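Contents: one structure, followed by commentary.
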Amino acid sequence: MICILVLITVAAASPVYQRCFQDGAIVKQNPSKEAVTEVCLKDDVSMIKTEARYVRNATGVFSNNVAIRKWLVSDWHDCRPKKIVGGHINVIEVGDDLSLHTESYVCSADCTIGVDKETAQVRLQTDTTNHFEIAGTTVKSGWFKSTTYITLDQTCEHLKVSCGPKSVQFHACFNQHMSCVRFLHRTILPGSIANSICQNIEIIILVTLTLLIFILLSILSKTYICYLLMPIFIPIAYIYGIIYNKSCKKCKLCGLVYHPFTECGTHCVCGARYDTSDRMKLHRASGLCPGYKSLRAARVMCKSKGPASILSIITAVLVLTFVTPINSMVLGESKETFELEDLPDDMLEMASRINSYYLTCILNYAVSWGLVIIGLLIGLLFKKYQHRFLNVYAMYCEECDMYHDKSGLKRHGDFTNKCRQCTCGQYEDAAGLMAHRKTYNCLVQYKAKWMMNFLIIYIFLILIKDSAIVVQAAGTDFTTCLETESINWNCTGPFLNLGNCQKQQKKEPYTNIATQLKGLKAISVLDVPIITGIPDDIAGALRYIEEKEDFHVQLTIEYAMLSKYCDYYTQFSDNSGYSQTTWRVYLRSHDFEACILYPNQHFCRCVKNGEKCSSSNWDFANEMKDYYSGKQTKFDKDLNLALTALHHAFRGTSSAYIATMLSKKSNDDLIAYTNKIKTKFPGNALLKAIIDYIAYMKSLPGMANFKYDEFWDELLYKPNPAKASNLARGKESSYNFKLAISSKSIKTCKNVKDVACLSPRSGAIYASIIACGEPNGPSVYRKPSGGVFQSSTDRSIYCLLDSHCLEEFEAIGQEELDAVKKSKCWEIEYPDVKLIQEGDGTKSCRMKDSGNCNVATNRWPVIQCENDKFYYSELQKDYDKAQDIGHYCLSPGCTTVRYPINPKHISNCNWQVSRSSIAKIDVHNIEDIEQYKKAITQKLQTSLSLFKYAKTKNLPHIKPIYKYITIEGTETAEGIESAYIESEVPALAGTSIGFKINSKEGKHLLDVIAYVKSASYSSVYTKLYSTGPTSGINTKHDELCTGPCPANINHQVGWLTFARERTSSWGCEEFGCLAVSDGCVFGSCQDIIKEELSVYRKETEEVTDVELCLTFSDKTYCTNLNPVTPIITDLFEVQFKTVETYSLPRIVAVQNHEIKIGQINDLGVYSKGCGNVQKVNGTIYGNGVPRFDYLCHLASRKEVIVRKCFDNDYQACKFLQSPASYRLEEDSGTVTIIDYKKILGTIKMKAILGDVKYKTFADSVDITAEGSCTGCINCFENIHCELTLHTTIEASCPIKSSCTVFHDRILVTPNEHKYALKMVCTEKPGNTLTIKVCNTKVEASMALVDAKPIIELAPVDQTAYIREKDERCKTWMCRVRDEGLQVILEPFKNLFGSYIGIFYTFIISIVVLLVIIYVLLPICFKLRDTLRKHEDAYKREMKIR
């Protein structure tokens, strides 16, 4: 018994097993008919699970769905998290229906982001718990407190650093390639040794390769294979033999080459061996020695280690000279082929307008050629009959054989008052000594006058040939019809006088039509609303007309429609037209009863096929007179068919008139009206046949008992009440609208009333205004479309759009107000008033977005809740602790009820969730050298700001290679005016070229540096969707005990449905269900994805941008150019000579700030591959066939297990490629992809130098100079100097310094005093730096920065030092040349310190001494002996003489 009690106690003390995790807090419950499946998920801060607990009541079985959360990072609320798109904290939120979805958060706690350039570490600092993420080439994330460091190890890092609410993207590069360092860091070597090895890797590789080659040659020397090297050594041995025999002094004892430090040998150079030196000397002196044996020496060299060592060094140097380092190689990129997109939508609109454009062009073409032909004809006529044309202005006088101007001409018999005076201005003297003869020049001025007049008329015709004047005639008949009390036949649509008809009227909106009619005094201003309300389509306009129950209103609207479609009834003059389509189709689709029996009758053939219409009027009496006798039903049907066709042909007032005649049984008036229509449109055969048929039917006896269709009663006008029934009132108006006003800038309204007025023209009810204020002096305003809202602060006040009274009531115009005062108006209760309800406001909500917005004229902090409503909230960071994650208080402590703001009031929002701002590196250009010195000496190594000296900011990191170029321009006695230089520069970022500008005589004038600061092509991409791996599945399911599965399973947007029948069986059914092989399990599901990849689509075409800079010693300037537009300024003329075209992919993916390209699904495309599950605007979409199973429980509902919902092929995204040359710039919803490693073409540059008077330059110039320098040694920025030079003359001065100066020669002028120099110093200077300008030494003050940064920050689109270094130095030997010798000598420098000079002198002295002893002395002795021989020979010759 005791054992049993112990067991019971132990069992009671044991915890109840729970799946996924123990404990946890319930965050949401949702009783529902549908159950959720058990899901257990983990996010960055917690674990969450859902489960279903079934309960039964009187109405059935229900599921109490529960969500439970357990915190893993308990203090994450201390960082004050807030929701933001693209945040780096993934949190699973629970919806109201217990569906799970992933949201992203960031911390609101402040965080300082910096980069320690000396240790290459990202430094993050905060005061509380915070979360960081580094994405890009390095990916790291985590929680931290206080300060943390993240080490960078990629050669070039392209990063997006996010910490707290801040995000910064930047580009950073080391001063050396880091692949070697990363490799050695994985070994046992300490970090300092690894860095030293990698810094000296070039010399290490050279020595290692040399040793390997030497070992190989040493091994080969032991075999006969070594003789393969004889072709190499034979030429060397042969040359050495020549030098040996002819240039070296011989030893007196043995006859071999002089050897002061060794004994005489036993072997001769020819290979002979002698025991004594005397025999050797005899052999050499007697001429028996054949000389130096080159072949023997070559064989010895093949076996010797000395030549092998020298050969190994030479081979290693040659190999490394032509081998590119792996780190500086640019791998080839695969180019993706894209198919052409479909034509844009606007092409369809263009295609629809081609016909009208074609007709316009044809007309224009015809008129133009007509004018040309007329001009040619007039020209021919003028040439043939020009005397008749010219006779208009001048006459020929036969008496004096001259031409006289007709203006002011008077006749005196056969003579005139202008005789002896010709039109050419020449006179004939009285003596007759100067005889005048008429010539061509006499009438030239009149021909020119004719030509001028003709051209003026011709040009005037050309200018007005395309002009058109739209004139709308005044509606006199319409005005008359408005004055009639009832409808008349001549006041129906077909008979209205519309005046001139212009086709352009069809394009006018009804607003303009109303303005035209109001201007013609045809309508009142109170009629404008009913006209502007006409639908734009004809069918809608006709329905709108027939909905009006008053003749004057209907007539007004129909007149407006016919003013727009002024050819509507003129189309009836013929047998076709857009306005006849409806009634003709109606006739074709309906059959007359008589035509079924007599299909060959002329009338029936006319109606059906359009045949025999001309004879259809006479075959009624002859062939159909007996058909309708005693057949009233058929009579009624056929006549109603004809009348209905007439109704479809003539809608509006015509149909109303016909309905009136039918209701009055005025058959004669009806026939008279149809005959007037037939008379107006005699050319319409089918219309004429129908009207004749109606007239014929009227003559038959069945007309007395004819019953027309009921729809005609709907077309009858209703009695015109004094006030509309829906606006009726029980008493006279208490409002005095004669005193009404309409004030502006009113946002509140008291005693709101609806107002109705009668139009004095059409009698239409004008109900477009409301009244506010007191009855004695009401204020009237335009009626709001959305009603009015009761104010949340004062319940007697009403507002527009929402309860905050932010919108002004729209005042009516003065013309409208005057019409209201003159019209009959009354007030009624305004029905569209929205009173404040208790459920309209809220204290907290699940936040969708937050930020600061312009609300009307104010700047408010606003929260957008998950229900898409906007609320004022001054906190945006205060959690509602009574709710789950994501619920924020709208007021401090959730104490105040807040009401929604209308979205119309909200504009210019800085959303913090949907549009996060990403900062970039700040570049500060400092003009003053002292300010620059102060900025860089304050040790701002962790700042993300770059400081540039303005005058040298456009210089490259490395001194460029100079080339000589001749100055061009206009040569003068002083020099060259308008001087310029022309050159070509490759459009590649980081390219720099130095120009040594020479005069035409070859004199060096000055140095200029051209630098391509940036060269890239880019496109802007917009986000389509997010995707990622499936982390769980949302499921809702239900079951039926009996019966089939539902045909349509209810599900949410984006969810897939599943079902399985015959699920009920013994032991697998809920309590109370007794079924076997029956029932159904069904439900819906949706994947829960972890958003890891964002997909973007290209929105803009590629934009090529190149920034080219020119830097002189006293100025610098840049220009941005593109391949399309050349740049022409006072300083630059730049254009692309050749252009290379590239394209960026249409769809890209971004993961961890890294671009990926490849096969990616577009939005709405769910094919197999990357991106077939898409999250768009918070909803997840996809395709697939869900796979599910279920577990049976006795007398309980089944446990559904969904194993797969969507087809998610996210693993295919892992095979996407990451192009090395692409860079990414993120910016609030869009990204810009930049490719900066392509040569975009060749730039042709013309630099304008102005006037260079180099011939007046002085050779000797007095300069007063001072300077200031600052910078660092062996760093990225180097040394920057500012020289202040004062001189009275112009001169070209060379620049000399112990450091490498970028500009070797500058131009000094009296007008310019500030000059800037950039230089690279390998030795640390003292407190001053000596710079020689011309012959003047300048002791410039030097301020050095002690920091030695190993990493360089740069903007995204600019090149770094390491890339310029790789472009300049592409081989291993280049690296050895630049760094290797210095590295070898560095240990000795550290050892001897300041005595290094003495050490170097000692070493050089020893080397020189050895060269003198072993090289120079033998040569000198040989020369001395040769000279002595010549002296001895001379003496012997003198003795003989």
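Glycine is treated like the rest: Cβ placed from N, Cα and C.
Taken from Swiss-Prot, the feature signal peptide applies to 1-13, supported by sequence analysis.
Feature annotation from Swiss-Prot assigns topological domain 'Lumenal' to 14-200 (among others); the stated evidence is sequence analysis.
When other Cβ atoms within 10 Å of the Cβ of N57 (N-linked glycosylation site) are tallied across all protein chains shown, the result is 7. Annotation comment: Swiss-Prot describes N57 (among others) as N-linked glycosylation site, evidence class sequence analysis.
The transmembrane segment feature in Swiss-Prot is assigned to 201-221 (among others); the stated evidence is sequence analysis.
Among the features that Swiss-Prot reports, topological domain 'Cytoplasmic' is placed at 222-305 (among others), with the record citing sequence analysis.
For 306-326 (among others), the entry in Swiss-Prot reads transmembrane segment, with the evidence type sequence analysis.
Under the heading topological domain 'Lumenal', Swiss-Prot lists 327-361 (among others), citing sequence analysis as support.
If you look up Swiss-Prot, you'll see 362-382 (among others) marked as transmembrane segment.
As annotated by Swiss-Prot, topological domain 'Cytoplasmic' applies to 383-450 (among others).
Summarising the annotation, Swiss-Prot assigns transmembrane segment to 451-471 (among others).
For 472-1395 (among others), the entry in Swiss-Prot reads topological domain 'Lumenal', with the evidence type sequence analysis. Averaged over the topological domain 'Lumenal' (472-1395), the predicted model has a pLDDT of 83.
Within 10 Å of the C-beta atom of N490 (N-linked glycosylation site) sit 15 other C-beta atoms, taking all shown protein chains into account. What Swiss-Prot records for N490 (among others) is N-linked glycosylation site, and it gives sequence analysis as the kind of evidence.
Taken from Swiss-Prot, the feature region 'Fusion peptide' applies to 1066-1087, supported by sequence analysis. Secondary structure of the region 'Fusion peptide' (1066-1087), assigned with DSSP and counted as helix (H, G, I), strand (E, B) and coil, comes to 0 helix, 12 strand, 10 coil.
Annotation comment: Swiss-Prot describes N1177 (among others) as N-linked glycosylation site, evidence class sequence analysis. Under a cutoff of 8 A between CB atoms, and with a sequence separation of 6+ in the same chain, N1177 (N-linked glycosylation site) has no neighbours.
Under the heading transmembrane segment, Swiss-Prot lists 1396-1416 (among others).
Per Swiss-Prot, the feature topological domain 'Cytoplasmic' maps to 1417-1433 (among others).
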Short question: which residues 6 or more past the ends of the region 'Fusion peptide' (1066-1087) have a Cβ under 8 Å from it?
-> 34, 56, 61, 99, 1030, 1032-1046, 1049-1052, 1054-1060, 1173, 1180, 1182, 1186, 1188, 1190, 1192, 1194-1198, 1200, 1202, 1205-1206, 1208
For the topological domain 'Cytoplasmic' (1417-1433), distant same-chain residues with Cβ under 8 A (at least six beyond the ends) | 247-250, 257-258, 260
Mind tallying the topological domain 'Cytoplasmic' (1417-1433) by DSSP state, helix then strand then coil?
-> 17 helix, 0 strand, 0 coil
Counted with DSSP (H/G/I as helix, E/B as strand, rest coil), the topological domain 'Cytoplasmic' (222-305) has 44 helix, 4 strand, 36 coil
DSSP three-state assignment (helix, strand or coil) for N490 (N-linked glycosylation site) = helix
Using C-alpha atoms only, work out the spacing between N490 (N-linked glycosylation site) and N57 (N-linked glycosylation site) and round it to an integer in Å.
-> 76
